[in-house]
Amino acid sequence: MTSVFTSIFKYFISTMLKLALFLGITLLHKYIVRGKDNCSMDPCVVFPGKPTETKDNFPAHQFCLRIVVDEWRPLVELKNSSGDGCVFITGPMFIFLSEMAKLLNFSYTLVTASDRKWGVIENGTWSGMVGMLHRGEADLGLGPFSANLQRYDVAEFTNPLFVEHLTILLGKVKDENKPYSFLKTFRWEVWASILLALFVVCMVYCLIFLVTSKEKVDPNFVVKKLVALFGCICTQGMPQLPSCTSGRLLIGFWWIGLVILTNSFSGNIKAWLLFRDSQDRIQNLQDLLKFPDIIPIVEKGTSTEALFKTSEDRLYRKIWKRILQHNDSLVHPEKLNSDEVLDKVARGTHALISSEISIFYSLSLRYERQKSCNFYLAKEHFHAKSRVILLRRNSSLGGFQEELNFRMATVMESGFFSHNLQQALQNFTKCLHTSEDTSRPLKLEDVKGLFIMLSIGLILSLFALASEIWHNRAKTRKLKRSRRKEIHKCKFKYIF
């Protein structure tokens, strides 16, 4: 009887030891080999595809990743299911994630950052999705994120999904139609230099005349020489060429300079009249600084904000200084597509600085909402951004990053990602003003400055005419009085 109990006891002890060993191996695999399973009991876990056989040491759905996401239309669009609080997404990045989950045999659950930011350093700590990866609260950040040195210190990068640039979206420039707009063909420095050159040449010409001429000097000869040189600017010939060699050389070089000057002015005035839509356009950040009334708009909590905030570049620092001066310069990424932001840009009071994809999608939605679409893009793009997926550093998913990079390259080369992206951006060109390089017929408003100038000349001519009439009459009256005096003197002499 004792031997029976002993056998049962030994069997029970061996069974318990085997069970403990099994549980120990399971926990070791879960927390050391695989890393902490963040979604073992999560009702929001997603199992894409069907369980398959083990491939490349990645058993079917063995990896359960906690993936942090946020909305970036059209790449990622959040969908919160009713009741259970689960987060789901749609868009090209969702299709990409599903393909990766099938190929690498992992399941996942999606979460969002509490502050709904992408991730920048605030008060010495990382915020947003990057902060969750840094603290170990998530295994993967879907993004796609901008790759920069600061983020590389706290997260691993995959190979780039694509590369894009920052650009500037602005409202269509309105014609100023000011009477003096034609003067803008030359800057004020040029006009001042022309005036200064006219007086200097006149003084030298008068000096040459005084030294070399034997004629009697007219008291008004300086004014006459000045008028003659000004007539050369108006393509009028000199009344009389100087007889000396020095004077002829001076007038010859004066004419050569005026030929170049008048041709430059005529060419610029033609371009200004025919291509008015391209005048005063902002084509880069340097041009934006020339318009102090235009407020830049940047997405809050993104790498674009960090670029202007932390850059040592003098141009970026000036843009950041202007951003800090206005409360509506930093907007949440979700509001980037709103009519409130785009209306400000359309009115010409604001300029949106963002990635190409974000701006293209905003314009596409704007066109679909049938709103006004008087926008244009600056020609100069800047700050190329490599878009990547972020992985938590020091994770226990050995070999996962290399396999993910390999599968990413295969999927990206197939072209399905770019195809889905182009489908979402197909209407953005219809919301851009592209007539800057085409001429148009001139309107009366375009040349009203010319008629105003002619009107001023007419008024001055009439004033001069009135002065001449008054002067001639006064001269005639004076002449008559002098003749009467002479006649009176002659009569007086004749009598005596």
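A Cβ is built for glycine as well, from the same backbone N, Cα and C atoms used for every other residue.
Keep in mind that TrEMBL annotations are predicted by a computer and have not been checked by a curator.
Features of the protein shown, as given by TrEMBL:
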DOMAIN    74-135  domain 'Ionotropic glutamate receptor L-glutamate and glycine-binding'
DOMAIN    86-419  domain 'Ionotropic glutamate receptor C-terminal'
TRANSMEM  12-33  transmembrane segment
TRANSMEM  190-211  transmembrane segment
TRANSMEM  253-275  transmembrane segment
TRANSMEM  450-470  transmembrane segment
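Per-residue confidence over the domain 'Ionotropic glutamate receptor C-terminal' (86-419) averages out at a pLDDT of 83. Tertiary proximity for the transmembrane segment (190-211) is limited to same-chain residues at least six positions away from its ends with a CB under 8 Å from its CB atoms, namely 183, 217, 221-222, 225-226, 229-230, 233, 242, 244, 246-247, 250-251, 254, 257, 261. Using DSSP to sort the residues of the domain 'Ionotropic glutamate receptor L-glutamate and glycine-binding' (74-135) gives these counts of helix, strand and coil: 20 helix, 19 strand, 23 coil.
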